[in-house]
Every structure is written in structure tokens, then in C-alpha cells.
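Working notes, beginning with the structure itself.
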């Protein structure tokens, strides 16, 4: 067969999309077409920040039906989403309550309990995962302690992409790359860790053994009656994005830029040393047994909140105004946990500047400048941490995802990090999702083979660092500004 048609369902914390890929195996060309795009946002339910899971499922099914109604024979479907959040099911496989978002404050104070009762080094030795207050381990502890009546009804817990696959196929699956984000998977066995799971109060019977990407979960029956395989892709969206990152060699780092920024490198081994623990480095699962050694950065969430609060719709115009402003007048630590979900992001940024005796950004452009400069300097700081961890410098940084369209931030990143930046592809998570499907269909050999396809089909933009830029002169001064309460213990 010359042509393959695969559908990627890619859900982010702010939007979702159903994308159709067409792969020509003879010429190794790959094209994407957006079929359906929809909004994903938090809602308040009984005092909790929850996801409208039924609306998301409705939009997923609508997108799939649109493809089928075009008369296209779909070869496979794959679903990726953000990590850590989950859906609870009862014995009949029916949903129990609504899934609570990782941004909800129910986990406040939970992580410190684990550090005392289990021990920080012991948790890290077992999981190899960074300490974030909203990791699934702490969410489950909050659930079992705060909602025992709800907990009593639970028979299964599925992570978000596995839930949607279950709704399409009727088959339950626990995909490995996303499972590792829970901080509950043992890094040595690739299975759920009994000690960590027991601490949460959740039952091990709620979970099946994690499966690696590339297996067929089951079939979705389309309106025309065709049975279409649903593939377990690398269902954590960052894992999919990394698969589509055209990393040139071992000296290349990646930055998946969106609501969150995930900066790291690929490795055949995990890093769980005391140095890695001190830097709060995570070792999330990847495809083909690789590890995604990385750090979470708050990312463009800060900007997204400012845009929403200020009702700004013309982002290019705002960026143009921002670029005209002097650099580094206002600097914050984007990873300060005060920015996780404040009532007023603009006011929170202003307060952070005021508390550190800096000028206070007032205009929208000044707020954006503060965010961009601070992110670029944090990227440089974390890239330095990662290089020290592996004992080797990086020569190139690949920025993928929606954030790679921000040319100003890309250049600031190159200047601050002092290395060449390659930006693209934009739809990295979708492409990585498609890549695993094509491998499962025996159209591609492995991840490296797929990256050659990506490089041949998608243009990348190069940014050369300017060592004389204003931001480059602030790199050494930024470290003290990070001495705030970050997203870690």
C-alpha cells in the first residue's frame, strides 16, 4: 500500500485537535491536515477545578466522524494528552465523578507528607521522577483522604489518553510514557511501585501493568461500520513531541514549548544521582526504552493567563510592541509556584517584581517582556544544569510545539543559552503520535527513521546566538532570582 491515513487526537490543557496524516511510503512524504479543533478549559464542579470530559469525548468523536464522512479509509487512530490527570471508573466501567485538574489546590500540603513519611530520596530512588505538587501520587492521596465515599466506588483508574481509548474501544490500557508522569512507576521494573501506591491509599487493582507504545488497544467502529485499530502511541504529549524532534545527535537538547515548557535530552539510561535529585530532574519514559531526562518549566502559561485576563486577541501586535522594549528590566522566576494558578496573573507578576525591588511592569507589552526575558534566562539556567548532569555541553537546542512560532522568544533563548536554536515542527505532539502509528503499521523502522521523515518534510528555522545581546549579559545574574519556592520540594 502506497498511502496510509492515520488520525492523531492531540489534547492539550487549553485546546484539542483531531488531525489527519497522509503518508506516502514510496516517496516518504508526510502531510497533516486539521480536521477539528476545540477548546479545553477548566470548570468548577463542587468546589473542584475539573475537566469537562464528556465535552472532550464529544469533540473527539465529532472529529473522527468528520474524517470518515470524507470517505477516507483510516488505517489507525492514536491519542495523546497532558500527563498526571486521571479518570475514575466503577465496577461497571462507568465514570465516577469528574476528573479533577492538576491545577486544583486539593493537593496543597500533600507532598510534604510524602517527604516525611516515605522520604524524598526514597521516592526518587524508586520513581526517578521530579517532585511536582500535582503529580498523580499526591492527587490520589488527596482523593483517598478527602473523598472516602467516592473512593469506595472506584474499581479502575485510567490516565486521560487511556480513558478516551477505552471509550472508543471498550478496552482498558495503561500506556507507559504517561504512566511514568504519575511518580508511581518503579524505574527499575517499569511497573507500579507497591510502596508508593500503598501510600496513596489507592488499590493496585485499579491499575494494569503499563504497556510500552506501539501495541493495538482495540478497534473503534466508525459510522460506516469499518473497524479501525486504536494504537497506544507515546500518549504523554511531551513524549510524542520528543519523538518528532529532529535531534541531530547526542549533543542536541530539546525544548517542547507550549503551556508548559519541557527542556531535556534523550538518554538510554536514567539519571537518579544525588545531583539529579537536588536539581529536581525527571526521568520520564520515552519510546523504544529511551528516557526523557528533563525539567518542567511553567512555560507560556503565564502569557496565556495574561492574554485571557487582559482580553488580548492580537498576539503578533503585542509581540511587536514587546520587541521594541529594552530587555531585562523586569525579571521573575517563572517556576515559582505562586504562578501555578493565581487569581490574577498580572497582579502576581507585578507583586513578584515589587517584592524583589525591581521596576513593576504595567503595560501589556511590559508584562510580556517580563515573561519572555525571564523564560529565556530560565531556559539558559536549566540547560546549564542538564549539561552539568551529563558532563557534556550541548551544541544545539531544538524547540518544538506551538511556542516555537514565537520568533522573539526563540532568539532570546538562543542569545541566553549561547547555542544555535532550531525551531520546528509546530505540531510536534501530533507528528510523534503519527510516527508511532506508522511504526505499528510497519511503515517505518524506528524513531530515528521517523525523524528523518520529519526533517525531510518540515522546514526548521535557525536562530544564531548573539553574544553581545543584552540578555546574554544577564545570564549570570539570574541564578539568585531563582531562589524562590519553585515547583519542587
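Even glycines carry a Cβ here, placed using N, Cα and C.
DSSP assigns residue 13 (ATP binding site) to coil, not to a helix or a strand. Residues or ranges marked as ATP binding site in Swiss-Prot: 13, 14, 15, 16, 17, 259, 304, 402.
In the three-state DSSP scheme, residue 222 (disulfide bond) is classed as coil. Cβ neighbour count for residue 222 (disulfide bond) (all protein chains, 10 Å cutoff from its Cβ): 17. According to Swiss-Prot, the disulfide bond annotation covers 68-222 (among others), on the basis of sequence analysis.
Applying an 8 A CB threshold to same-chain residues 6+ apart, the list for residue 83 (substrate binding site) reads 159, 178, 181, 182, 236, 237, 238. According to Swiss-Prot, the feature substrate binding site maps to 83, 236, 237, 238, 296, an assignment based on sequence analysis.
Counting every protein chain shown, 31 other Cβ atoms lie within 10 Å of the Cβ of residue 237 (substrate binding site). Among the features that Swiss-Prot reports, active site, proton acceptor is placed at 237, with the record citing sequence analysis.
The annotation disulfide bond is assigned in Swiss-Prot to 353-370 (among others) on the grounds of sequence analysis. The Cβ of residue 353 (disulfide bond) lies under 8 Å from the Cβ of 330, 331, 332, 359, 360, 361, 370, each of which sits 6+ residues away along the same chain.
A helical conformation is recorded for residue 413 (disulfide bond) in the three-state DSSP classification. On its own chain, residue 413 (disulfide bond) has 255, 375, 376, 379, 380, 397, 399, 421, 463 as residues at least 6 apart in sequence with a Cβ closer than 8 Å to its own Cβ. Marked as disulfide bond by Swiss-Prot on the basis of sequence analysis: 413-417 (among others).
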Residue 237 (substrate binding site), DSSP three-state class -> helix
The most crowded of the binding-site residues 16, 402, judged by neighbouring Cβ atoms within 10 Å of its own Cβ, is 16
Integer Å value for the Cα distance linking residue 304 (ATP binding site) with residue 68 (disulfide bond) is 34
Nearest to residue 417 (disulfide bond) by C-alpha distance, among the recorded positions 15, 17, 222, 296, 402, is 296
Among the recorded positions listed as 68, 222, 296, the Cα nearest the Cα of residue 17 (ATP binding site) belongs to 68
